[in-house]
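As written in Swiss-Prot, here are the features:
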ACT_SITE  Thr40  active site, charge relay system
ACT_SITE  His43  active site, charge relay system
BINDING   Cys38, His63, Glu64  Zn(2+) 1 binding site
BINDING   Cys93, Cys96, Cys99, Cys107  Zn(2+) 2 binding site
BINDING   Ile175, Asp195, Arg200, Leu262, Gly263, Leu264, Ile286, Tyr287  NAD(+) binding site
Amino acid sequence: MKALVKQKAEPGLWLMDVPEPEYGPTDVLIKVLRTGICGTDLHIRAYDGWAQQAVTTPLILGHEFVGEVAAIGSDVADIATGDLVSGEGHLVCGKCRNCLAGRRHLCRSTVGLGVGRDGAFAEYVVLPASNVWVHRVPVDLDIAAIFDPFGNAVHTALSFPLVGEDVLITGAGPIGIMAAAVARHAGARNVVITDVSEARLALARKVGVSLALNVADRTIADGQRELGLREGFDIGLEMSGRPEAMREMVANMTHGGRIAMLGLPAEEFAVDWARIVTSMITVKGIYGREMYETWYAMSVLLEGGLDLAPVITGRYGYRDFEAAFDDAASGLGGKIILDWTV
């Protein structure tokens, strides 16, 4: 089969012929239809400092995908050949305290698909049946391919009740934009998103944010005044990992405000902890998706009319992966899709 492989410990990816993966009695063999390119994949392609520590070559990368079940193991139930499926990219041990308590997203032994084991940038991928999500209702293939990052957005956005709340989102990357769409759909009063990229702020406007604010030119306080917010934001969703974004978020929260933080900082940084304490602000770290409450929520949101189409800005055949990765790395668009059927 064809696969995109990190063949060498150096920058680049290689489209190669590799053996089809074998599957065991509790596994599912999936014919990949479409995949999404993630920031993690860009790091692996560039072979930066993180990738050098995290990845062992050779490796088939990729963890955002949709596919059709090609075969199932002898012990697999409730999944059938021909089912349309996506996959949870965090593989857990199933034996630790958190896993046994049903908190699998908190497993201390999580292995990442396409990082710690061969992934989905290939014609076929194998996953444990427990990591396979069957789409029981019709879903657009491009959207099904990005259920992994969509899940990050949903997990973050729905960390706190949103109805009637004023929400600040720092970082208008694809996940930030999806989180904005979710917050709007879930009943937030005002949704403000910030970035320094006009191209991405334009995408955010397409999902119905109240204000898309370029913080290179204006401050968050300016945005508050424009919307008539006198007491600050109720909910903060930090998606950028930028120290200045987190500091500005803390400075613009109301007393008792709640912050969900998905953005991963590159290094340690200082924040105004005195303000967090005296304003009684809650800060919650978010990583991945809750298994499988987040997946259920994603499906229900889409059934209820949530429109993520503006987030998809590029589609390429898998043989054009270099152009697709360049597009994704430009930082100018949304999600980029690779089609494995052409």
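Cβ atoms here come from the backbone N, Cα and C positions, even for glycine.
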Pairwise Cα distance for Leu262 (NAD(+) binding site)/Thr40 (active site, charge relay system) [Å, integer]: 14
Given the recorded positions Cys38, Thr40, Ile286, find the one whose Cα is closest in space to the Cα of Cys107 (Zn(2+) 2 binding site). Ile286
Which Cβ among the binding-site residues (Cys99, Leu262) has the fewest C-beta neighbours inside 10 Å? Cys99
By CA distance, which of the recorded positions (Thr40, Cys93, Cys96, Gly263) lies nearest to Glu64 (Zn(2+) 1 binding site)? Thr40
Count the other Cβ atoms sitting within 10 Å of the Cβ of Leu264 (NAD(+) binding site), across every protein chain shown. 12
Here the binding-site residues are Gly263, Ile286, Tyr287, and the Cα closest to that of His43 (active site, charge relay system) is found at Gly263
What kind of secondary structure is His43 (active site, charge relay system) part of, going by DSSP in three states? helix
I'd like to confirm something. Which of the binding-site residues, His63, Asp195, Arg200, Gly263, Tyr287, has a Cα closest to the Cα of Cys99 (Zn(2+) 2 binding site)? Tyr287
For Cys38 (Zn(2+) 1 binding site), the three-state DSSP class is coil
Separation of alpha carbons, Thr40 (active site, charge relay system) and Gly263 (NAD(+) binding site) (Å): 13
Pairwise Cα distance for His63 (Zn(2+) 1 binding site)/Thr40 (active site, charge relay system) [Å, integer]: 9
Would you mind listing, in sequence order, the residues at least six apart from Thr40 (active site, charge relay system) in the same chain with a Cβ closer than 8 Å to its Cβ? Leu61, His63, Gly112, Gly114, Val115
Nearest to Asp195 (NAD(+) binding site) in three-dimensional space, by Cα, is which of the binding-site residues Cys38, Cys93, Cys96? Cys38
Counting across all protein chains present, how many other Cβ atoms fall within 10 Å of the Cβ of Tyr287 (NAD(+) binding site)? 14
Most isolated by CB count within 10 A, of the recorded positions His43, His63, Arg200, is His43
